[in-house]
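As written in TrEMBL, here are the features:
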| type | residues | note |
| --- | --- | --- |
| BINDING | B:Lys9, B:Phe10, B:Gly11, B:Gly12, B:Thr175, B:Asp176, B:Tyr181, B:Arg186, B:Lys211, B:Val212 | ATP binding site |
| BINDING | B:Thr49, B:Glu76 | substrate binding site |
| DOMAIN | B:5-231 | domain 'Aspartate/glutamate/uridylate kinase' |
Number of protein chains: 2
Amino acid sequence: MKKPLIVQKFGGTSMGSIETIHIVAEHIIKAKNDGNQVVVVVSAMSGETNRLVALAQQIDSVPTARELDVLLSAGEQVSMALLAMTLNKLGFAARSLTGAQANIVTDNLHNDATIKNIDTRTIIELLEQDQIVIVAGFQGVNENGDITTLGRGGSDTSAVTLAGALKADECQIFTDVDGVYSCDPRVVPNAQKLDVVDFPSMEEMARKGAKVLHLPCVQYAWDNAVPLRVLSTFDVNEGSLIKGEQGTKPVCGIAIQRDMALITIEHEALSNLQKHCQMLGIEVWSVIEDTEWAGVVIKLDACAKLKLVFSDKIRNSEHVSLLTTVGLQAPSLVDRSFALLAEHDINIHYVSTTSQSSMLMLSPESVNSAANILHEAFITSDELLDFQPRQVSLG
Amino acid sequence: MKKPLIVQKFGGTSMGSIETIHIVAEHIIKAKNDGNQVVVVVSAMSGETNRLVALAQQIDSVPTARELDVLLSAGEQVSMALLAMTLNKLGFAARSLTGAQANIVTDNLHNDATIKNIDTRTIIELLEQDQIVIVAGFQGVNENGDITTLGRGGSDTSAVTLAGALKADECQIFTDVDGVYSCDPRVVPNAQKLDVVDFPSMEEMARKGAKVLHLPCVQYAWDNAVPLRVLSTFDVNEGSLIKGEQGTKPVCGIAIQRDMALITIEHEALSNLQKHCQMLGIEVWSVIEDTEWAGVVIKLDACAKLKLVFSDKIRNSEHVSLLTTVGLQAPSLVDRSFALLAEHDINIHYVSTTSQSSMLMLSPESVNSAANILHEAFITSDELLDFQPRQVSLG
């Protein structure tokens, strides 16, 4: 019988020292001893990428993109070799592969490349020799054989893409948190770890500010039906499993996105504003058409760029935060949110609702309180249970 | 007309910091502006290889050879990228290539591999695009695509082998000394920089203790008729050019090899001793058959290993130093050496002479004085001139 195949990904903190690499090796050995084939994707040791970038920036504030990729990819080469040595020392056959050696072929966009194709034959051959295969995350080669890197969250992307290409049974993302929470526990102390999250909810949480997984990673896993598991390197637990289509579950999570801006203009300038955003590569999170004004929601740090070319038409720009309740949305949920927050004198500036989420625009100073109030009502307390039948009767 | 092609090699000290990499870039730009095609071979930044080895040894005192090569080769990948960025920043087209990208194929002996073949098409194509090509020294790939490293002096070997494969007009080894000296200037303050050295003399100097170039590097250059130039990264000068067959020049240099041992035994045990040395991989520098005893000269640090398996037969082992005068040997040179050193109460234990060198065995405490006396006589002073006619009349 064919053994199950697991892809495990360990980030920079997990690979941060010889001691933590030893902990990583123990997770791998457990999976191997449980009867799995194991492919491991690693990031550079934490701090290493920053060290290399700092060296490059002593030379040029914008170093050549091709050569920056050559430089940065050395980081994973170091960590993968150290991990392979550790496994070897512990008596397990293991081989490290660079992006090039693993045949991870990307497009030619240095520093932000996209994986085009993975020829998995080398990896499969090593797995058939009972080797643990360790692959450098974050890197590949273009069709000329030049080294490329994938940009932010690249190692997660490497892992999930490899899992898809290998038709892995599970892709495990090891990190420094022990799973996906119903809200950021630093904001909502009562936040609950979710044992299972469906893909549409996870996608919406990642899109609306949850940092635990990068959006493209979730999307790729969903598209390729690769079950994703988020778990902690430094705890023994099952983490959170992300799989399946949306159930009938009501609000399962609350995502917070800070440092956003609401840019308001006259109605007639809206389409022009949208065009400028597109031209400048600024993502528009929401378009709002009020009776008095129109507006777009963009990231705060994109404001300056926009104002530089579009200042004359902008009526106002306001620093806001977004709070998104994710899960199957009851029709009364928004009304209930307004009422609950009003009790605490919190004003919702604007709401945008889909079948999977309700995004509330709030002032930055009220978003933490609002998250606690809504989490208490919709997730922690019994009110949720009371609330559901009412939804049905109102729906 | 085809442009001349120069291979330049810069070691770890030259690549040690962003500041020194800038100096390296200036040497390259000078060669490029002088109308040459330039291929550059670089070592890892000084200290980097030691840092990586220390990480590996925290895991295993003898790390897996394959993975140690993966680890160490990251060092040159960093330095080559930083140099390419620096050249780009200064307005010169430059591309870095790993050993794999430069198609440097070695045998499978990890940590001490030998270059088997270099497919130079990639490099030539880049040179034809007017690029400066920067190649990682010390590394290659075996036929499976596994990363290998070349062992000690590896970057010099990479440079000279590349120069041979590219039929380069000159291979320039940049280092922290400004050329080949007639003797180590730290021992003989009057030592002279040699503008030109013939290959047989350079080979003999390298073989007998001169540290400026590794023996295999000299041998490869000689075999492939690649003129070698040794020069300093941190000075502006022509360095020393190594080329051509032996002239009629008398003593051109004195090489010193410290920390040697003379192992003495009964005559009948000599062949057995030689067999043991061969078995243990111990290089025999000289075999001596005296009237009373027989002996071999080996490195001091190999003594313990030899004694472990051959202790019962060893009569004596003595710490000695070797002083070798290199150049066309006059028949009277050895007699003259005995006389000159006797004047200073220095005793020569043993002499071994070839047509290209005379190797004197001395006690460790007398070798520095002996080097100064013989250098003064044969190289610095007029006595050499007086000496030559006498040689002829005596010959």
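The backbone N, Cα and C atoms fix where each Cβ goes, and this holds for glycine too.
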B:Tyr181 (ATP binding site): secondary structure state under DSSP, collapsed to three categories: strand
Cα-Cα distance linking B:Lys211 (ATP binding site) and B:Glu76 (substrate binding site), given in Å to the nearest integer: 22
Sparsest Cβ surroundings (other CB atoms within 10 Å) among the binding-site residues B:Lys9, B:Lys211: B:Lys211
From binding-site residues B:Gly11, B:Thr175, B:Tyr181, the one whose Cα lies nearest B:Thr49 (substrate binding site): B:Gly11
List of residues, in chain order, with Cβ under 8 A from that of B:Gly11 (ATP binding site) and at least 6 apart: B:Ser43, B:Ser46, B:Ser155, B:Phe174, B:Thr175, B:Asp176
Three-state secondary structure, B:Glu76 (substrate binding site) (per DSSP): helix
Maximum Cα-Cα separation (Å), residues B:Lys9, B:Phe10, B:Gly11, B:Gly12, B:Thr175, B:Asp176, B:Tyr181, B:Arg186, B:Lys211, B:Val212 listed as binding ATP: 24
B:Lys9 (ATP binding site): secondary structure state under DSSP, collapsed to three categories: strand
Intrachain C-beta neighbours of B:Tyr181 (ATP binding site), sequence separation six or more, cut-off 8 angstroms: B:Ala191, B:Gln192, B:Lys193, B:Leu194, B:Val212, B:Gly253
Confidence summary for the domain 'Aspartate/glutamate/uridylate kinase' (B:5-231), mean pLDDT rounded: 96
